[in-house]
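Report on the structure given below.
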Amino acid sequence: MKRISLLAALLVLCCASCSAERLSVTGTDIAVFASAGEDVILNCTVDTHVPLEELEVQWRKVNPDILVHLFSEGEDRPESQHQRFQDRTDLFHKELAKGNFSLKLKSLRTEDKGKYKCIAHTNSESAEAFAELKELGFSSLHIGVLLMTFTALVVSVSTSTPALLFLLGKYKSRQAWRCCLVNWCIPCIFMTVAFVLWGVIEGFMREGIMCAAVTLSRILLTLLMAPPSVNMPVTLPKVITCRAIFFIHFVILTVMFSRYSNELLRTDSPKILKIVYVAFAVFLSFVELLFCVAKGCFRGRLNQIQRYGTSGTVFDFALIINTAVFLLSYSLLASFMGAERLQLDFLQVLGYVIGMFGITVIMLILPSLLILCPGKFLFYNITSTILFILHLILVSLLLNMFGSHEKGSHGLICEVTFLYSLAAIACFEERDNIPVTLSILLYMFGTTVLAVVNSVALITELILQADSGYRRVTDLRLIVLPFECLFLMGWLGLQIYAYCVEEKDR
């Protein structure tokens, strides 16, 4: 009798143990259909007797493998989820005790399309179920972006021929003048709005705002590049043209600083670090703006010591110095915050930073030699060239280090290259001996070719992303900014050519 009682007790304990550790996860076989911008619910039910504090539930996107939402130790863990899903996921916390771990995914984006899996873990078991999100149609904002982008494409192509004939002097009607005016500004305005809206609805604000800022600045750049002998629809006074490059540099640098400051404020970094970096960003932007104003105020004084194609003052290096200071602050910030995460050698980064800082200080005080020693132009030119080459080498090494460890750094490299291209152009004064035909062709490249490239890139990205659910181009800055840099390098080449011809005629 005792044996029977003992066996019965053991059987009861085994059943209780099996019941306590039972774990099953069920989803739904029916795919979810929705449009971008809507909210959807992905169903998942977890059947277990394990307390919520001992249960871990993950929602993951299958391809690519991304952590969408994490529930662990009885609460959500938003710091662990992928950044593209931050502030867009919720669980139904009142239903968790009943095993309802369905995920509410808010403000759908086209890249959200695909398979998801709900994974439940206990100390001894794990189980999973799948859900699928299909056929993400375009929202009204997506359609608006496509219409604006397509309009920019059509306008730039249809007005390019009349604008070119007008600039070449072969077609001087009022209609051709209007076509030239439309070709100059309308595509840039439409693409600027399209980039901003695309960044907002898809969550790529870093790319969208930068592409929009660069595109809008091209309206001013193309006017600066137009030859003086051509009767442009719009002309700028000298008080604006002498400050234009500095102003564009100020806008791009401010956008970069504001973006990184915003990313820093959203981290758990020390409060003092956040305050110092934001204050430094504001200070550097103010210095940039001060240079922009001073460039025009001291224009007459600069012309008195102008030699060999450059102004021969601190303004030659102002943009280079500000870009260098931005890189210094970004390098120190990234090393301080994520040296372990990025697997960076802090001492190596510090060596690059010290080298760049030393060169920057020398470049800052070098122009004073022209005031103390007016005849040292050859020494000044040789020394500044060597310093600039050394500076670029250190910048390349530093950016290469970040590019090999941090996702998104290739976009940063493109942004810095654009800033240095502006700095190189700012070292040259305006000249009237630039070949008119080449200048017009470069102008048309800026107004038409770049507009076509940007619009085709954005249209292709939207359509392919809606079709496949993931991005084909990892970063639109890798398309937009290299072409913009090519545009600037063409202008720099014309400036160097005009300078060489001017020196030869002396």
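Every residue gets a Cβ built from N, Cα and C, even glycine.
Pulled from TrEMBL:
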DOMAIN    21-134  domain 'Ig-like'
SIGNAL    1-20  signal peptide
TRANSMEM  143-168  transmembrane segment
TRANSMEM  180-201  transmembrane segment
TRANSMEM  207-227  transmembrane segment
TRANSMEM  239-260  transmembrane segment
TRANSMEM  272-293  transmembrane segment
TRANSMEM  314-337  transmembrane segment
TRANSMEM  349-372  transmembrane segment
TRANSMEM  379-402  transmembrane segment
TRANSMEM  408-428  transmembrane segment
TRANSMEM  440-459  transmembrane segment
TRANSMEM  479-500  transmembrane segment
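Taking every recorded stretch in 143-168, 207-227, 379-402 and counting its Cβ pairs under 8 Å to the transmembrane segment (239-260), the highest total belongs to 207-227. This prediction places the mean pLDDT of the domain 'Ig-like' (21-134) at 85.
Non-local neighbours of the transmembrane segment (143-168) in the same chain are 175-177, 179-180, 182-184, 186-188, 190-191, 193-194, 197-198, 201, 226, 230, 437, 440, 443-444, 447-448, 451-452, 454-456, 458-459, 462; each lies 6+ residues outside the stretch with a CB under 8 Å from one of its CB atoms. Beyond the ends of the transmembrane segment (440-459), by six or more residues, the same chain brings 145-146, 149-150, 152-153, 156-157, 160, 163-164, 167-168, 183-184, 187-188, 191, 194-195, 198, 211, 215, 218, 221-222, 225-227, 230, 473, 476, 479-480, 483-484, 487, 490-491, 494 to within a C-beta distance below 8 angstroms of the stretch. Counting residues per DSSP class in helix, strand and coil order gives 18 helix, 54 strand, 42 coil for the domain 'Ig-like' (21-134).
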